[in-house]
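Database features (Swiss-Prot):
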- His59, His61, His142: Zn(2+) 2 binding site (BINDING)
- Asp63, His64, Asp162, His215: Zn(2+) 1 binding site (BINDING)
- 17-215: region 'Beta-lactamase-like' (REGION)
Amino acid sequence: MHIRMVGTGSAFAKKFDNNNALLEQDGCCLLIDCGITLPKALYQMGLAFPEIDAVLISHIHADHVGGLEEFAFQMMFKYNRKPVLFIADTLIEPLWEHTLRGGLTQDPLNKLEHFFDVRPIIANTETELFPGLRVKLLPTKHIPNKPSYSFLFNDRFFYSADMRFDKELLLRLADGGVQTIFHDCQLEEPGVVHASLNELLTLPESVQKKTWLMHYGDTIDQYQGRTGHMRIVEPQRRYEV
């Protein structure tokens, strides 16, 4: 299993594009989140939407779903395909009603299912996405009263998406066999809706060595050598996980 970050930036970062990723397993390509900058960033990588087999959404914020309108329109009108959308059952209605409906609706096309092959996922239940690729959606805290999910792939790779620091969860995952953690990281205090670097630095050395930092701000270069045993994910670089 390999991952390439299309972007590694925080919601307000201007240098690194939205924190979205391509996860590859046995010839299948899963897009993890589809933010505002995703269409352009994907193009700059020399890739196009038809090369994506499915998209998996973590929560409803523009840097994670803001590119879905263009994705849907391109696939429908340019490529005559309905892309597969893996999504928590709790996110289906808010994604359509609060984010996509205004831009995508053109009668008689007025449902999410008109644009995507919607595959609902129930949280905390392991689901096979492709042969050899399984995911478990873990409800995590990000914004109060707003559902948000992190992803556990094949019981060994944890992808936080956006979440507040949860030391207990990270220790439990590491003890349970997780080998690699890609975690969002807010560089400056306080970490209100994301884990801060200082919070992540409280993790044991053994867990830090498994942890890679993503979803960071434009000042990340100032933090080189200041991240303990954790490493910084580089955009567009391919990692085995």
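Note that Cβ sites are derived from N, Cα and C of the backbone, with glycine treated the same way.
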* Structure fact -> For Asp63 (Zn(2+) 1 binding site) and His142 (Zn(2+) 2 binding site), the CA-to-CA distance in whole Å is 14
* Asked: What is the interatomic distance between the Cα atoms of His59 (Zn(2+) 2 binding site) and Asp162 (Zn(2+) 1 binding site), given in whole Å?
  -> 8
* Other than Asp63, His64, Asp162, His215, which residues of the chain come within 8 Å of the Zn(2+) 1 site, judged by Cβ distance to the Cβ centroid of those residues? -> Ser10, Ala11, Asn18, Asn19, Asp33, Gly35, Ser58, His59, His61, Ala161, Asp184
